[in-house]
Every structure is written in C-alpha cells, then in structure tokens.
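Copied from Swiss-Prot, the annotated features are:
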{"type": "BINDING", "residues": "GLY14, SER15, GLY16, LYS17, GLY18, THR19, ARG130, VAL139, TYR140, LYS198", "note": "ATP binding site"}
{"type": "REGION", "residues": "34-63", "note": "region 'NMP'"}
{"type": "BINDING", "residues": "SER35, ARG40, GLN61, LEU62, VAL63, GLY89, PHE90, PRO91, ARG92, GLN96, ARG159, ARG170", "note": "AMP binding site"}
{"type": "REGION", "residues": "129-162", "note": "region 'LID'"}
{"type": "BINDING", "residues": "CYS133, CYS136, CYS149, CYS152", "note": "Zn(2+) binding site"}
Amino acid sequence: MLKNIFYIIMGPPGSGKGTQSQCLAEKLGLPHISSGNLLRSAIKASTPLGIKASEYIDEGQLVPNGLVWEIVQETLNKSECLSGCIIDGFPRTLDQAVLLHDFLVKANADYRVIQLDVADEEIIRRIYSRFICPSCNFVYNQSQGFRECPTCHSELVRRSDDTLEVIQKRLESYKNTTASVIDYYADLGKLTCVPAEKSPDEVFQSILACIED
C-alpha cells in the first residue's frame, strides 16, 4: 500500500465517497480534501467564491470549473499535501480531470482513481436519511439516532439541496458530466470501480483490497 500517492474517490452524490475518503485518509495518514466541504466553508464564510458557488449549488447545478479548481489547487499546493492526499468530489468534468492530471504530472506525483458504483434508488434513500454537522462537515445517518454532532456538539442539519427534485437534478448532471471523466481515467489505466451498496465497512475493505494490488 502506497502513501506517497494521490487517491481520487469518485461516485454520485450519496455514494459514500466522503465517508470512504475519510476512512482512507485515517488509514494512510494522508490529508483528506473534499471540494464540497471546501466550497461549503467558503459559502459559510461568504467569500466571493462562496457567494458565487452557492447560487449553483442551491439549484443542484455544478459549480463552474474555474471556481472549483482555484480553491482545490490552492489546497493541493500546501506542504501537508506534498506526500499525497485523498481527494473526493473532484474532478467532476473532463476539463477538471485534465487540469488535475496535468498538475499531478508536473508535480511528479502518481495517482489512482476509485469509482464507487451505487444505483439511483439507493442514492435517493441514502440522501434522504443523512444529516450533516455544519461545523465539522461530518455526515451521519438518521438510523444512528444523533441529534447533535458527537464530536463538536453542533446541531445536525439537512443540506438545503437534499430535496428530491434537486437530488434528481444532481444525479442527472453527474451522469452527463462524469461519463467522459470515467472514460478518461479508464483510458489512462488509472480507474478501479468498486460496488458500494454494502455496509461502509465492507466497501472500505473492498477499497483497501484494490489499492493493495
């Protein structure tokens, strides 16, 4: 298992990529970069980027490439990411994939892509049952019975874009934009697909088996 490598975790909204990315980051001792969390932090702080991004996210649309890449690249350039990191929520478009590939090649870094496969029906069920900590961005399932975050004790909330109409838009948008990304990484020999409808622990073990090959 390599540590000095970048792992890109892909999958539709609600596929568990945030949870799996965090688990992998803890296992390998690498930073976890979530473009979604970075954008939400910018929105919460009302930065110029955050204000622009919120208009797209609230409508279930993808944030334009330039806005997302600016904040992701800034984070990747930090010293703690020099030995590798776990990236989730990025790239979502072919343009973003090329930008990230060129950045990593220039940095003489290797990377692998893990695609989490989940059916639409399961995605909708998962998203309807999830709650978010607005402070530390951890995701919890309704079945866990938490009303506040066990870590920071903030009240758990639903995301404003976790409605059926917006979820369906996001799924359709994801499929339309990421098909070319998946093909791009497959052609480069970087892609591994992992079935992700089992329990989080079982999915994580499947991911570990893939990266240990």
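Heads up, the Cβ atoms here are built off N, Cα and C, so glycines get one too.
Location within the structure of each feature annotated in Swiss-Prot.
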residue: GLY16; record: ATP binding site; Cβ contacts under 8 Å, 6 or more apart: LEU116, VAL118, ARG126, ALA196, PRO200, VAL203
residue: GLN61; record: AMP binding site; Cβ contacts under 8 Å, 6 or more apart: LYS169, SER173
residue: VAL63; record: AMP binding site; Cβ contacts under 8 Å, 6 or more apart: LEU39, LYS52, ALA53, TYR56, ILE57
residue: ARG92; record: AMP binding site; Cβ contacts under 8 Å, 6 or more apart: LEU62, VAL68, TYR174, THR177, THR178, VAL181
residue: ARG130; record: ATP binding site; Cβ contacts under 8 Å, 6 or more apart: GLY14, VAL139, TYR140, ASN141, GLN142, ARG158, ASP162
residue: CYS136; record: Zn(2+) binding site; Cβ contacts under 8 Å, 6 or more apart: CYS149, THR151, CYS152, SER154
residue: ARG159; record: AMP binding site; Cβ contacts under 8 Å, 6 or more apart: ILE132
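For the Zn(2+) site, the Cβ centre of CYS133, CYS136, CYS149, CYS152 serves as reference, and the other residues of the chain with Cβ at most 8 Å from it are PRO134, SER135, ASN137, PHE138, PRO150, THR151, HIS153, SER154. When Cβ-Cβ distances below 8 Å are used as the criterion, the region 'LID' (129-162) is approached by residues 14, 18-19, 34, 37, 40-41, 44, 57-58, 60, 170 of the same chain, each at least six residues removed from its ends. Nearest in space to CYS133 (Zn(2+) binding site), taking C-alpha to C-alpha distance over the binding-site residues GLY18, SER35, PHE90, is GLY18. The secondary structure of SER35 (AMP binding site), as reduced to three states from DSSP, is helical. For SER35 (AMP binding site), the same-chain residues lying six or more positions away in sequence with a CB closer than 8 A to its CB are VAL68, ILE71, VAL72, ILE87, ASP88, GLY89, PHE90. Residue counts for the region 'LID' (129-162) by DSSP state, with H, G and I taken as helix and E and B as strand, are 3 helix, 9 strand, 22 coil.
For GLY18 (ATP binding site), applying a Cβ distance below 8 Å and a minimum sequence separation of six or more within one chain yields SER34, GLY36, ASN37, ASP88, GLY89, VAL139. Fewest Cβ neighbours within 10 Å among the binding-site residues CYS133, CYS149, CYS152: that distinction goes to CYS152.
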